[in-house]
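Straight from TrEMBL, the features:
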type	residues	note
TRANSMEM	30-48	transmembrane segment
TRANSMEM	60-80	transmembrane segment
TRANSMEM	92-113	transmembrane segment
TRANSMEM	120-140	transmembrane segment
TRANSMEM	160-180	transmembrane segment
TRANSMEM	192-210	transmembrane segment
TRANSMEM	266-292	transmembrane segment
TRANSMEM	312-336	transmembrane segment
TRANSMEM	366-384	transmembrane segment
TRANSMEM	390-410	transmembrane segment
TRANSMEM	422-442	transmembrane segment
TRANSMEM	448-467	transmembrane segment
Amino acid sequence: MFKQLWAIKHPHASHEAADGLGLQRALGPWGLTALGIGAVIGGGIFVITGQAAADHAGPAIILSFVLAAVCCAFCAMAYAEFAAMVPVSGSAYTYTYATFGELAAWFIGWMLVLEYSVSASAVAVSWTGYFLSLLEHFGLHLPAAFVNAPLDGKLQPTGSIANLPAAGIVLLLTWLCYVGIRKSSAMNMAMVILKTGLILLVIAVGWKYVDTANWHPFIPSNEGPGKYGMEGVLRGAAMVFFAYIGFEAVSVAAQESHRPQRDLPIGMILSLVICTVLYIAMAAVMTGLVPYTLLGTNEPVVTAVGAHPQLAWLRVVVEVGALIGLSSVVLVMIIGQPRIFMIIARDGLLPSIFTRIHPKYRTPHINTVITGVGIALLAAVFPLDVLGELTSMGTLIAFAVVCAGVLILRRTHPELPRPFRMPAAWLICTAGVLSCLALLSAMRLHNWMLMGMWTLVGLVIYFGYGYRHSRLRDGR
């Protein structure tokens, strides 16, 4: 029994098993880059930036973004090497199977379910806030019972029925993913171009009204644990690190890429660079337009531009941009999660129904429907703070394992071709693991308790089904 738990699936086996999945290869380097940008730019630039500045770093949120980007770059390099070497869907799950064995792979796959599904639900809940703000410009107001979660942060009833706008946008985007990667990719590309253009517009126009006095002091004096000072900058970096979550979604689309060995590293690294530049520029403009203490709202960009009468017209533009940005994040997550289910089922750890491909659209349609309905239910029932609790932990664990996996695979399979080989691997991967562990150490105790419950559910599924049906166990 114990031997199977740590059984390793050779990277070539992952590649060969994936060849028969039948997914449509429709993505080039620009499509993959847009996929990464679509996943990354969303909640971070429209929500987290302001809260991190107001509560932790002040104007030095700019420095926090730089530190977070460096940490994220370590992980991106590891993902890029793995994705080029093992260009199959499954992301960190596939990479873990090739290095740490079946049980660890299942655990990471279960963490990815957490990242994609729960984070998509959280973003959908944020989408509702901007949607309601936009409706107010037209004098429209929806009943509170149908736009708020029926549970609060302590899981107590609120009197509301459901967050229907959040569930509705999820179901609409699920339909796009159902009818094909080409259609959903084209939709994502359009949303990425539009929202990036709107962000650049805000940066260009807002820069003229920046008051540099708002940047002083750049690092405010320490006012308590994690609030301002260098400790606040580091806490801010830990917070905005999660604004970069999503770039690894590029690797999930490996089997739908024209030339994965070349295109995947380009897509991941280029999307990370573009997003970092946009984040830093937007953070500089926001903290320059208003005092950083005013940015701790759910709509910090609206707060920043709304403080200047000359920029009043930008408010609607920002709200539209936020809706587009958040929609593209949900879209990419709905694209990614079904493909992770599919590759796990291909290994026998989930029922074979999860491997089915639609005969016309060539998409994992059953997985897409299950994913979309599940995300919609979460978004309709739970508030933002509950949904966001576990997402970051699952992601950081996956990132750390991938960084460690690169080093292990270099020792166990040095003969494998590596179209993209990261320089100074020991230094970069070690830094990546340590960075992730440092951020995990800052998590609160009750988050670890929730993570333990989630892990327990995953173990029940694995030992109840996956262990007995593993293709690796059967020698298939």
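Backbone N, Cα and C define each Cβ position, glycine as well.
Here the transmembrane segment (160-180) sits against the transmembrane segment (120-140); at least 3 CB pairs are under 8 Å, leaving out pairs fewer than 6 apart in sequence.
Residues of the same chain lying 6 or more positions beyond the ends of the transmembrane segment (120-140) and with a Cβ under 8 Å from any Cβ of it are 42-43, 46-47, 147, 149, 163, 165-167, 169-170, 298-299, 302, 316, 319-320, 322-323, 326-327, 329-330, 333-334, 337, 375-376, 378-379, 382-384, 387-388, 391. When Cβ-Cβ distances below 8 Å are used as the criterion, the transmembrane segment (192-210) is approached by residues 34, 37-38, 41, 45, 274, 278, 281-282, 284-286, 288-289, 301, 304-305, 308, 310-311, 314, 317-318, 320-321, 324-325, 328 of the same chain, each at least six residues removed from its ends. Counting Cβ pairs under 8 Å that are 6 or more residues apart, the transmembrane segment (92-113) and the transmembrane segment (422-442) reach fewer than 3 and are not in contact. Sequence-distant residue pairs (6 or more apart) of the transmembrane segment (448-467) and the transmembrane segment (366-384) include fewer than 3 whose Cβ atoms are under 8 Å, leaving the two stretches without contact. Counting residues 6+ beyond its ends, the transmembrane segment (366-384) has Cβ neighbours under 8 Å at 116-118, 120-122, 124-126, 149-153, 162-164, 166-167, 170-171, 173-175, 177-178, 330, 333-334, 337-339, 341-342, 353-354, 356 in the same chain. A Cβ distance under 8 Å defines the sequence-distant neighbours of the transmembrane segment (390-410), meaning residues of its chain 6+ beyond its ends; these are 11, 74-75, 78-79, 81-82, 85, 91-92, 95-96, 98-100, 104, 108, 111-112, 114-115, 118-119, 122, 241-242, 245, 248, 416, 422, 425-426, 428-430, 432-433, 436-437, 439-440, 443, 447-448, 450-451, 454.
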